[in-house]
Amino acid sequence: MTQNYRITLLSGDGIGPEIMAVAVDVLKAVGKQLDLNFEFKEALMGGVAIDATGEPLPEESLQACRDSDAVLLAAIGGYKWDNLPRPERPETGLLALRAGLGLFANRARLLFCPHVLDASSLKREVVEGVDIMVVRELTGGIYFGQPKGIFETETGKNEGSNTMAYGESEIDRIGRVGFETAKKRQGRLCSVDKANVLDVSQLWRDRIMALAADYPEVELSHLYVDNAAMQLVRWPKQFDTIVTGNLFGDILSDAAAMLTGSIGMLPSASLGASGPGVFEPVHGSAPDIAGQDKANPLAQVLSAAMMLRYGLDEPAASDPVEKAVLKVLDWGYPTGDIMSEGMKAVGCRKWGICY
């Protein structure tokens, strides 16, 4: 019997439409093989939505996402909209999407493909075999804490402030996602905070340690965020699963992505307690190469694979997509950003055809 799924596509800006087209072709191919029918619906988000409607996330687009089984997002933002007031910029649409769908946990998987190890800035022996999952809290912390803003002081000069705040329930919720994720992987969880100077991080550490009693099979460790950043570069093999707050996770995910040689290699999944999740590459919209067929679609395709696995509970469809990505690289067909000696660089469209 054919299984039907409604997928909302948010292609967004820059290279977004190019890499989304490849991912959709891949989903159609795997759907045909496994009798899965995907009903794709395009919706506006980001700069293209601002140009068309004046809003980075129109209500119509948010409702389309709510009505779907999963949301596949490509990339948003670009130079064109950088000078808009902050509340009107494309990136605010992403925050609104997460809040509107109740997404509180982001999983970003850092997996080193053996065929492109030489593209990494680190030595092969340092990165070979690395497989890290970063679990990041999405709806709290300094991005959402109040009060925040730019205020005029008594001296007549402006002062900017943001508030980093987490409640016990928020920490417990993301902490359990971290422990459950580690339990299904290698059983090691590293909690990243800044408990030596931040009160909010001390509460974070206290709650994570309290949760550990419910997961005796998981080995728990703690690192301050500055040390964690250093350790990711020094010896990434020590990590299995990392759980951390919104700001720290945002920074560490991007830093870790470049260890692969390109930020175009890192997929992510944003999930809530129920309802559709959002699946997207960690990278941005790369407006400098948009429309030139230079974009790396791997993270978008791997995000589609994460959608199949975590959003639609179709691991039998996710597995062949992930294996096919490795196979195309094994054939020696990378995009230019992960090119190594002996390989032949291909464009975004050609890479999709190779798949």
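Positions of Cβ are set from backbone N, Cα and C atoms, glycine also.
What Swiss-Prot lists as NAD(+) binding site is 78-91, 284-296. Residues or ranges marked as substrate binding site by Swiss-Prot: Arg98, Arg136, Asp226. The feature site 'Important for catalysis' is assigned by Swiss-Prot to Tyr143, Lys194, with similarity to another entry given as support. According to Swiss-Prot, the feature Mg(2+) binding site maps to Asp226, Asp250, Asp254, an assignment based on similarity to another entry.
Sequence-distant contacts of Gly78 (NAD(+) binding site), defined as residues of its own chain at least six apart whose C-beta falls under 8 angstroms from its C-beta, comprise Asp13, Gly14, Gly47, Pro90, Ser285, Pro287, Ala290. Just so you know, of the binding-site residues Ala286, Ala290, the Cβ with the fewest other Cβ atoms around it within 10 Å is the one at Ala290.
Other residues of the same chain near the Mg(2+) site, with their Cβ within 8 Å of the Cβ centroid of Asp226, Asp250, Asp254, are Val225, Ala229, Leu247, Phe248, Gly249, Ile251, Leu252, Ser253, Ala255.
Between the CA atoms of Asp250 (Mg(2+) binding site) and Arg136 (substrate binding site) there is a gap of 7 Å.
Arg136 (substrate binding site) is surrounded by 28 other CB atoms, counting those within 10 A of its CB over all protein chains shown. Secondary structure at Asp254 (Mg(2+) binding site), taken from DSSP and collapsed to helix, strand or coil, is helix. You'll find the Cα of Lys294 (NAD(+) binding site) roughly 34 Å from the Cα of Asp226 (substrate binding site). Of the recorded residues, Asp254 (Mg(2+) binding site) and Asp226 (substrate binding site) place their C-alpha atoms 14 Å from one another. Taking the C-alpha positions, the distance from Arg86 (NAD(+) binding site) to Tyr143 (site 'Important for catalysis') comes to 13 Å. Among the residues Arg98, Arg136, Asp226 said to bind substrate, no two Cα atoms are farther apart than 27 Å.
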